Amino acid sequence: MQSVSRSWLLLSGFVLFYVIYLLFGALVFSSIERPVEERLRHDMQVLTEEFLNRSCVNAASLELFLLKVLRANKYGVSVIGNFSGATNWDLPSSMFFANTLVTTVGYGHTSPLSDAGKAFSIFYALLGVPFTMLVLTACVQRLMYPLVIAPVSALQKSGLNPRPATTIHFVLLLVLVLLAFFLAPAAVFSTLEASWTFLDGIYFCFISLCTIGLGDFVPATQPGVKHRGLYQISVMVYLFMGLMMMYLLLSFFHKMADLHGLTTLLQLPRCDDSDLEDDREPIVGGEPKAPPLKDKAASKPLDPSSQASYNSISKG
């Protein structure tokens, strides 16, 4: 009974902290963004008045024209002269859209124009999203042993205790991911995209690999992009590999939280022993296991310390 009461108390604390965190974010965003929005509104009002004073177009006609332009821009159709010939539905662009759909990044820079396209998007995502998660999980399972379990075991053999060994390796892996999937790609994007700064590149990488996908920065959408199709395919590869490494980091952090007792303290689910044993067994493409031999040696319980798995790392 006491355990149940503590569990509900912790849950109430989580919900309360979540609400407070949202309010904190709202206050910060409001204080930062609202003045910028007001200046932009004032600039647009001044620009509109100057345009109306210099032309014979009335305010109603201009508003109707702008509404149609904005509606077309919502679907990725631009009226800019030097970009009007580009299509958003050639093969590379369509693959890029399909990739953002099944990875749940969803930039929103392009969306289906027709009812048939919207209906197919529902069906396509219904199958594509879980299949993408399956592929990512299978890839992470194959990478878990060489990138996590084996290095931590090597650190333990060098004389480190399990907790400092996992912490050191997690920090090293985190630094590697930051360099390879945030800083380096941000430098590339800021070079290829003329209007992007280095901070814009980091912002895009973070928004994309966290599957937030706000859509305010999307590669290969500016006029005059060379080799646009190859560029989009390269971004697709980057997104898949980045999502895979983010999933690997989260899995490693969960295992490390088990080792340090954080999941027990917060009464969160632990990594099952069977899941830890399966880190070396791929979801797909594995060889069938031979049936166990029925003899006296096989009937004896095995010594847990003799099993090479993450369990041997996470205890001590």
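Just so it is clear, glycine is given a Cβ too, placed from its N, Cα and C backbone atoms.
What TrEMBL records for 6-29, 122-148, 168-189, 201-218, 230-250 is transmembrane segment. Per TrEMBL, N-linked glycosylation site is recorded for N82. The domain 'Potassium channel' annotation in TrEMBL covers 86-143, 178-255. Among the features that TrEMBL reports, region 'Disordered' is placed at 275-316. Sequence annotations record features per position, and here TrEMBL assigns compositional bias 'Polar residues' to 304-316.
Highest Cβ pair count under 8 Å relative to the transmembrane segment (122-148), across stretches 6-29, 168-189, 201-218, 230-250: 230-250. Stretch with the largest number of CB pairs closer than 8 A to the transmembrane segment (168-189), among 6-29, 201-218, 230-250: 201-218. Restricting the average to the domain 'Potassium channel' (86-143) gives a pLDDT of 91.
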